[in-house]
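The compositional bias 'Polar residues' annotation in TrEMBL covers 8-24. The domain 'Major facilitator superfamily (MFS) profile' feature in TrEMBL is assigned to 50-523. Here TrEMBL flags 1-24 as region 'Disordered'. Feature annotation from TrEMBL assigns transmembrane segment to 49-72, 141-160, 201-219, 231-251, 271-294, 314-336, 343-363, 369-394, 406-429, 435-455.
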């Protein structure tokens, strides 16, 4: 019995040690999880994580927008060749089928143009709804919805085997972008309340947009050539899934704490008739027209005029990424030092775009063409980086500080250019010519630049009378309102202590007169 009991006693030792070590590891994991939760809840670090989430979403959206450029035309041509072989092998081929087939082949370019434009068209239609939805429920739920739809769209692209499925995937991407892009930019504007920090954060987001648009064609072309159609889309789908998980973990979109404090935003139709916002929206549309109209037409022009090779056509826009980032960097630095000249930076950008667009048809070699294309992207960086923070500032001082609708208007401005580009640019080149197209786009940008003078005195504006009353009487209802209330309370306490000998009535009369003067001028 003693010999039997001995091994049992010895076996209990390792088992208990194993249980203790497992318990200690679990406790360590719990502590690390708690520390990670504390890190995430820290306001400064949470803002950085939110910026990472939004920038990743914008990167994915623009990569998915441009990654199909080298893939889909070749893939559709392969499908067409398979249909040709199947039709030739069929014994019952007749004249009617041949006529239908010939018409379809003749409309091949139109089909590609419609496929490319479908994303921007649906995004244009959904944006008025998404902007109002964001204003009602907050920024986190629409961002999460957009990421989920983009994930499904990317998977649909990966496994699509016909034109109808590709069209569905492209349209789904437009629906998801209307939520993810607008909510993401609005979330950055809401979390970064200082103008300097806001300009920097939006500049970083614009750099990711540029990087996604310019790196996607070579990324998709190389992977399509060596790994097949599905691989680039599956990689993007995985990144989108990880970004959605991070959004769900950090933002907690289905908690009610954010939505309970959301103020009621200004309706979109009222924002659209604001002359300052209308001028900014027009500038965003016109400055993006050269890029949107050149993307579908420049490849054929390069083949006809300079006999460019396929790798030159594929690398056409990639060098322009670097001046775009340089333009973002310079605008952020200049805006931090001279914030009252934001309108001037936008005007300089539009003149740069106009001059560069006019010089594109004069280029005879691939190296010469790089200069005006880099100039166009450099100017777009100036316009976007200067005017996107201006939209948030206009909402702060003239309306209620809820940013969903105003950035939906900005997204609509982009979509107008990119919806018209693939459909209208080819027809304009066919009817008028490539030279006339570029001269018209350049002239439009140069002529619109003086309109930005209307924004010259924007930085001198004060919050409107209605919003100041809301801050004083109704209490803080949002992040911007809370900050303004705290500032006014500190100012009020300071004035009360200094004017106590003369009486409080003097302070009350002065406060009322200030509100009336600012409200009468800007409300």
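Each residue, glycine too, has its Cβ placed from N, Cα and C.
Note that the coordinates shown come from a computational prediction; the quantities given were computed from them, not determined experimentally.
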Review point. When only pairs 6 or more apart in sequence are counted, do the transmembrane segment (314-336) and the transmembrane segment (369-394) reach 3 or more Cβ pairs under 8 Å?
Key: yes
Review point. What stretch in 49-72, 271-294, 343-363, 435-455 has the biggest tally of Cβ pairs under 8 Å against the transmembrane segment (231-251)?
Key: 49-72
Review point. Would the transmembrane segment (406-429) count as touching the transmembrane segment (49-72), if touching means at least three Cβ pairs under 8 Å and pairs must be 6 or more apart in sequence?
Key: no
Review point. Considering only Cβ pairs under 8 Å, which range in 201-219, 271-294, 369-394, 435-455 makes the most contacts with the transmembrane segment (49-72)?
Key: 201-219
Check your understanding: Quick one: do the transmembrane segment (271-294) and the transmembrane segment (435-455) have at least 3 Cβ pairs under 8 Å, skipping pairs fewer than 6 apart in sequence?
Key -> yes
Practice item. Decide whether the stretches the transmembrane segment (201-219) and the transmembrane segment (369-394) have at least 3 CB pairs under 8 angstroms, with pairs required to be 6 or more apart in sequence. Key: yes
Point to revise | Residues of the parent chain within Cβ reach of the transmembrane segment (141-160), under 8 Å, 6 or more residues beyond its termini | key: 53-54, 57, 60-61, 64, 68, 130, 133-134, 166, 168-170, 172-173, 175-184, 187, 229-230, 233-234, 236-237, 240-241, 243-244, 247-248, 251, 253-254, 404
Study note, to complete from the structure: Same-chain residues at least 6 beyond the ends of the transmembrane segment (369-394) with a Cβ under 8 Å from one of its Cβ atoms are 185, 189, 195, 198-199, 202-203, 206, 210, 274, 276-277, 280, 283-284, 287-288, 290-291, 294, 302, 306, 316-317, 319-328, 330-332, 335, 342-343, 345-346, 348-353, 355-357, 359-360, 363, 403, 406-407, 409-410, 445, 455, 458-459
